Every structure is written in structure tokens, then in C-alpha cells.
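Below is one structure, written out as C-alpha cells; comments come after it.
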Amino acid sequence: MNAQERIQELADRITVLRDAYYRGSPLVADAEYDAVEDELRSLIEGHPELTPDPNPLDQVGAPAVLHAPIRHSRPMLSLEKATKPEQVEAFFGRFPGQPVVVMPKLDGLSLAVVYENGRLARAVTRGDGTTGDDVTVLVRALTDGIPEQVDAPGRVEVRGEAVMLRSTFAAYNTAHSDKPLINPRNAAAGTLRAKDPATVAERRLRFFAFDLYTEPDSAETDLGSALHSLGFTAADMRRCADPAAAQDVIGEIERQRNDLDYDLDGAVLRLASRDAYAAAGTRSSSPRGALAFKFAAEEKTTVLSDVVWDVGKTGKIAPVAWLEPVFVGGTTVTRATLANQEVIRARGIKIGDTVLVRRAGDVIPFVAGVLDASKRTGAEREIVPPSECPSCGQPLTEQGNSRELFCTNVSCPAQTVRRLIHWASRAAADIDAIGGVWIERLAEAGILEHPSDFYGLTKEKLLEFDRIGEVSATRMIESIDASRSVGLRRALIGLAIPMASEGTAARLCRAGFGSLEDVADAGVDGLVAVEDIGPKVAASLIEHLTRLRPELERLREAGVSLDVREEDLPPVVAAGAPLAGKTVVVTGAISDPRSGEKVPRPTFQRLCEKAGATTATSVSASTDLLITGADVGASKLTKAEKHGVEVVDQGEIWQQLIAAGIV
Ligand SMILES: NC(=O)c1ccc[n+]([C@@H]2O[C@H](COP(=O)([O-])OP(=O)(O)OC[C@H]3O[C@@H](n4cnc5c(N)ncnc54)[C@H](O)[C@@H]3O)[C@@H](O)[C@H]2O)c1
Ligand SMILES: [Zn+2]
């Protein structure tokens with residue numbers, strides 16, 4: 001195929017993909033769509049004479065099916081994209097001396113909100129950039145962050161992104177597991193296409209402003225301050241003097257990406273002054289005064305090649321998707337979770353389908369849904385849940401609304417191995433010298449069945465195995481020995497009792513239980529008396545600890561401590577405690593000023609508690625102090641400012657801790 005044909009093919013493909021996407025049923029993941037645009041862009045660069053007419057790259061959005069079309073006062077454009085630091089440098093180079101702000105690029109849909117003489121007149125979607133859809137009724141009913149009135153004369157147009165918060169998205173999907181939304185962005189767009197707000201009432205959106213036009217011109221030229229004084233929540237904008245500073249902020253936004261309550265797909269650089277931005281003007285489809293730096297994709301499509309049912313440590317049998325390898329969220333993914341049979345049914349997934357895989361941060365990759373079921377060839381296969389345990393062959397039971405499958409056979413081999421691996425894991429006994437593969441082999445050989453069996457292993461026994469040598473046998477035994485001091489909290493985690501979380505174990509220690517046997521003896525009533533432990537968790541604990549009684553005895557006989565450890569007790573508040581009565585939030589990287597060594601955040605929080613503080617994880621009106629370490633994210637600081645929370649550097653707190661003899 002020659003360049004001209006390829007260009008035409010790509011241009012046609014873009015038109016088709018955009019059309020489907022803006023109708024709410026994308027055919028491919030964004031990253032794949034972007035790749036098509038990139039190929040076309042570089043072909044046209046090499047052969048400007050072959051530029052197609054019309055050129056889809058000069059167009060914005062798609063000529064949407066408009067219900068109530070409204071012409072924009074000025075076009076709503078796309079953004080020029082960048083992925084390399086050189087492009088950021090070039091942007092600064094174009095505007096010498098001009099201050100630039102860097103802000104998150106929110107992944108929702110853009111809206112123009114127009115006020116006339118102080119009153120909200122209408123809200124309009126981007127549409128094809130020239131003409132959008134009037135969505136005022138839906139926006140009024142469903143979107144937070146758009147005031148009904150602003151204190152400004154004449155005509156005020158605020159542009160920004162309407163997003164569905166991740167928390168709203170997750171809550172919606174939990175409540176509607178039969179008809180889940182595929183991702184927050186699609187959900188936001190779909191919400192504003194609804195015919196009647198009442199049908200989508202649980203799908204609340206949130207508006208973040210990033211652009212402003214006023215007639216007559218307002219005196220405030222700084223974009224962030226101007227939006228703020230009108231009563232809008234603006235995207236978090238940070239001023240950067242040079243490309244290096246901008247690159248730092250971009251990096252910081254990317255690192256924070258998974259801690260935020262909204263999806264973002266990049267960072268936007270933009271001239272801070274409204275006048276300078278307006279003076280810079282526009283290209284065919286993007287403003288010159290802004291640049292979008294795109295992050296790696298968190299969603300891609302791939303083929304679901306098989307589904308394997310995996311037996312977990314509590315006997316839960318979960319479907320695992322086997323995927324054709326795909327690079328997403330920074331790594332190559334070959335496996336993803338499909339949760340349970342209800343999720344499979346609700347998302348209508350079959351083996352052989354092209355599926356959308358999502359991997360955000362440390363979250364286990366999951367299959368969000370099928371893209372374009374119309375492309376099926378007929379060779380796809382239904383995903384059939386097993387009727388018996390794939391490991392032990394025993395019949396399964398179904399539990400709960402999502403119809404999770406369980407093998408209840410306590411001597412199921414797969415469960416046994418999973419439980420042993422869990423006992424040896426870092427959060428529990430931390431037997432780090434024996435990996436999962438060896439645990440499986442030792443279990444197969446019949447010498448490991450219960451956690452207590454680890455403590456009967458000897459070097460001689462391990463040396464009988466072909467590939468275990470003197471050095472590794474010694475390390476394994478040492479690692480087992482060290483794990484004898486596991487203690488109440490981590491032993492309870494290691495026993496993998498259904499419904500008992502790591503938090504449950506921590507709470508039991510703080511409530512004054514001295515040993516695992518004490519917990520077992522407390523009865524359901526004794527356990528529900530503990531804060532945040534409900535009757536179901538209590539019943540599960542009692543049931544399983546009663547069953548495990550002989551195992552607890554074996555562990556004790558092997559010299560394993562099941563008693564509470566000092567570090568898990570409620571802290572003893574030192575006399576003259578410097579932080580007495582204060583609620584503190586710790587953020588950023590903490591290090592001991594005396595040694596310069598990094599200190600894990602939980603360890604530092606514990607020190608603060610010993611100094612009399614109560615620790616919390618997020619800043620709110622009830623926070624007294626925000627203690628900052630290195631590399632602090634802007635969002636926590638902004639929040640602290642908003643709530644009038646005092647911000648102190650870790651150095652000051654370390655001094656107080658040292659003075660009070662706490663460290
Ligand atoms: N999957 C598909 O088939 C398909 C098809 C077409 C488009 N798409 C996706 O849709 C998007 C295309 O839209 P685009 O070309 O307008 O580019 P874009 O969405 O990447 O960039 C422009 C948009 O960024 C948004 N934005 C968010 N935060 C902003 C901020 N702080 N300042 C300014 N703008 C901000 C605005 O809504 C603006 O319209 C891409 O992500 C593309 O992958 C996907
Ligand atoms: Zn089984």
C-alpha cells in the first residue's frame with residue numbers, strides 16, 4: 001500500500017472510531033485510537049502534499065447527534081499532545097518570560113458553562129467544537145461544583161471538565177453489579193446523554209474549571225484566582241518558572257495519579273495569564289498557549305484467550321482471565337481478574353472476545369468489559385463456571401449476590417498450599433527464604449500441611465530435595481526460626497480467617513487481647529464489643545479459631561509466639577507528650593534527621609501516637625496538624641489551607657520527639 005492509500009485508510013478509520021466513541025460505545029481503547037492518530041500525523045508530516053481533505057486531525061470531537069444544538073461563542077478545541085521533555089522545553093521556548101501553570105488533565109468530558117448577568121444560563125458539551133449539546137437540565141440536576149449564580153456582571157463563560165469521581169463510580173458499580181459502568185469517563189459522558197435526570201440520579205458528576213472568558217473583561221488576569229473568586233473549584237494549578245520545574249510537577253502529578261479520586265490521563269501546561277493565553281491564539285484544532293503531556297495508558301484492549309478458575313486461601317474459586325500479553329499501566333499484563341460469575345454475566349464476556357483491560361497503580365489488572373461485541377466471529381466460547389473444585393473435585397457452594405463459588409473442603413490441596421504461602425507472606429510470619437514454588441513442592445511431598453509444620457522442618461530434611469543446597473537450607477531454617485516471634489496480630493493475619501482483615505487483627509490487639517487463645521475464648525459477644533468488629537466478623541473468628549484450636553496448640557509447642565507484641569499495643573503516651581490531644585496527618589517521605597535514614601510512615605505515625613497524637617490518613621476540618629516530609633503532593637497542602645490546618649515540617653516534630661525522649 002502506498003502512503004496515499006494508507007493516509008486515506010487511517011483518516012477513514014479515525015472518522016469511524018470517533019463516531020463510535022462520541023456516541024458512547026468506543027471500538028478500541030484510547031491508547032489504540034491515539035496510535036492511529038499518531039501514525040496519520042507522522043505520515044502527513046512526511047508527505048504534506050497528501051494531507052487529506054477534510055483532515056480529521058484538524059477536527060475536534062465528532063458531529064454528535066445533537067438534541068439541542070448550541071453554537072459556541074468561540075470554538076472548544078482539543079490540545080496539542082506531548083510525551084517528551086523536549087516538547088515541554090519547546091513550549092517554554094515559545095513564550096519567553098511568561099509564567100506557566102501545570103495542572104492535571106482530568107479524564108472526563110468538557111463543558112462550557114455560561115452565566116448571564118450573574119445567573120447560570122446554560123451548560124453545553126463540546127460536540128464538534130463549534131456546536132455542542134445543551135445539557136443544562138442534566139448538569140443542574142447532577143453536577144456538583146457549578147454554582148447557580150456568580151458575582152460578576154455581563155457574560156461569563158467557564159470551561160472545565162465534568163468527571164465522575166472514582167468513589168462515585170465504585171459505589172455505583174457495587175449497587176448495580178448487574179449493569180456496571182465500564183470506566184468513569186464513559187460513565188460521565190453517558191450520564192450527560194440521559195433523556196431524564198431521574199434515571200441517572202446516582203451518577204453524580206463533579207466539575208473542575210480550567211478556562212474562563214468574561215465580557216466585559218474582568219480585572220483579574222490570573223486564571224486560577226479568577227476562577228476561584230467566582231466560586232469554582234479549579235483544576236490544581238501550579239506555577240512553574242522553567243521547563244525543569246514543569247517536568248517536576250508533571251512527574252509529581254503522575255506519581256499522585258492513583259491516590260486521587262478522579263482519573264487523569266496527563267498534565268496540561270498553560271500560560272498562567274489569561275491575557276497572554278488569549279494573545280497566543282489558536283491553530284486549527286488546538287490553542288497555542290497550552291500543551292497536554294500524556295501519561296502511559298491505564299486501559300488497553302486485548303484478546304481473552306482463556307479463563308482459569310483459581311482456588312484461593314479461603315476456598316474462594318475465582319475466575320482468572322488469561323490474556324494475550326498487553327502493555328498497560330506500565331507493565332506487560334497476561335492475567336487479570338474477572339471477579340466472579342456475576343461480573344462475567346453482567347459484562348457479557350466470552351472467551352475469544354476483545355476485552356478492555358484496566359490497570360491503575362497497584363490495583364490488580366481487571367477486565368472492564370467487552371469492546372464491540374458486534375465484531376464477534378461466532379468462535380467465542382461461553383465462560384462456564386466449574387461445578388466442582390478444580391483442585392480436590394468436591395462440590396462447590398455459592399455465596400452472596402455475586403454468587404461467589406467456594407470449596408468448603410478444609411483439606412483441599414490447593415487451599416492448603418495457598419494458606420501455607422499466606423502464612424509465610426510478609427504481612428504474616430514473613431518466612432521470606434521459602435518462596436511459593438518451594439512451599440508447593442514441600443506440600444506435594446507431604447511434609448507441609450499446616451503452618452505449624454514449618455517449625456518441624458530441619459536442614460537435613462530440606463537437603464533431601466535435589467535443588468536445595470547447604471546455603472539455601474540454612475537460610476530457610478533461619479528464616480523459619482525468626483518467624484517464631486510472629487505474635488498475635490500477624491499470626492491472625494497468617495491464619496487467613498474469612499472476613500477478618502488486617503485491620504481486624506490490629507484492632508483486637510489495641511482492644512487489649514493478650515493472645516490468640518484469648519481471642520478464641522472471648523465469644524462473639526466479647527468480640528463485637530471491640531470497635532468496628534461486627535457480628536459477622538466475630539462469628540467467623542470464633543468459628544475458625546475453634547476449628548484451629550489444635551493448630552494453635554501445635555504452634556505453641558513449636559515455640560511460636562501467639563501473644564500480643566509491644567508494637568501492636570495501644571501506645572503508652574509519654575509524660576509531657578508534645579502532641580497530646582492533637583489529630584495529625586503525616587504526608588511525604590519521612591526520614592530520621594539524625595541518621596538521614598528513611599523511616600516508614602507507619603513507624604513515624606506510631607512515634608506521633610506515643611507523643612499523644614491521634615493519627616488520621618486524610619486532611620479534614622478536624623485535623624490539627626499536617627506534618628510534611630519530602631516530596632509533598634500539592635493536593636494535601638491545598639486541603640490543609642482550605643481547612644485552616646497548621647502545616648509543620650517533619651524536622652520540627654523530630655526535635656520534639658527527641659526532646660521528649662520518645663526516640
Ligand atoms: N477510544 C476511541 O475510539 C477514541 C476515539 C476518539 C477519541 N478518543 C479519546 O478522546 C480523547 C480525544 O480528545 P481530544 O482530542 O480533545 O484530546 P484530549 O481530550 O486528550 O484533550 C483535550 C481535552 O482535555 C480536557 N482537559 C482536561 N483537563 C484539562 C485542563 N486542565 N486544561 C485543558 N483541558 C483539559 C478538555 O476536555 C479538552 O477538551 C483522547 O483521549 C482520545 O484517546 C478515543
Ligand atoms: Zn477444593
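Cβ from N, Cα, C; glycine included.
Just one of ARG126, ARG193, ARG257 is listed by TrEMBL for the same NAD(+) site as ASP30, ALA31, GLU32, TYR33, ASP34, SER78, LEU79, GLU161, LYS294, and that one is ARG126. In the vicinity of ligand 2, defined as a Cβ distance under 6 Å, the following of the binding-site residues ASP30, LEU79, CYS392 are placed: CYS392. Spacing of CYS412 (Zn(2+) binding site) relative to ASP30 (NAD(+) binding site) is 43 Å (Cα to Cα, whole number). Proximity of the binding-site residues (GLU32, GLU161, CYS389) to ligand 1: a Cβ under 6 Å from the molecule is found for GLU161. Here the Cα atom of ASP34 (NAD(+) binding site) is found 43 Å from that of CYS389 (Zn(2+) binding site). Local packing around the Cβ, expressed as the count of other Cβ atoms within 10 angstroms, is greatest for GLU161 among the binding-site residues ASP30, GLU32, ASP34, GLU161. For the recorded positions LYS105, CYS389, CYS392, a Cα to Cα distance of within 10 angstroms from GLU161 (NAD(+) binding site) holds for LYS105.
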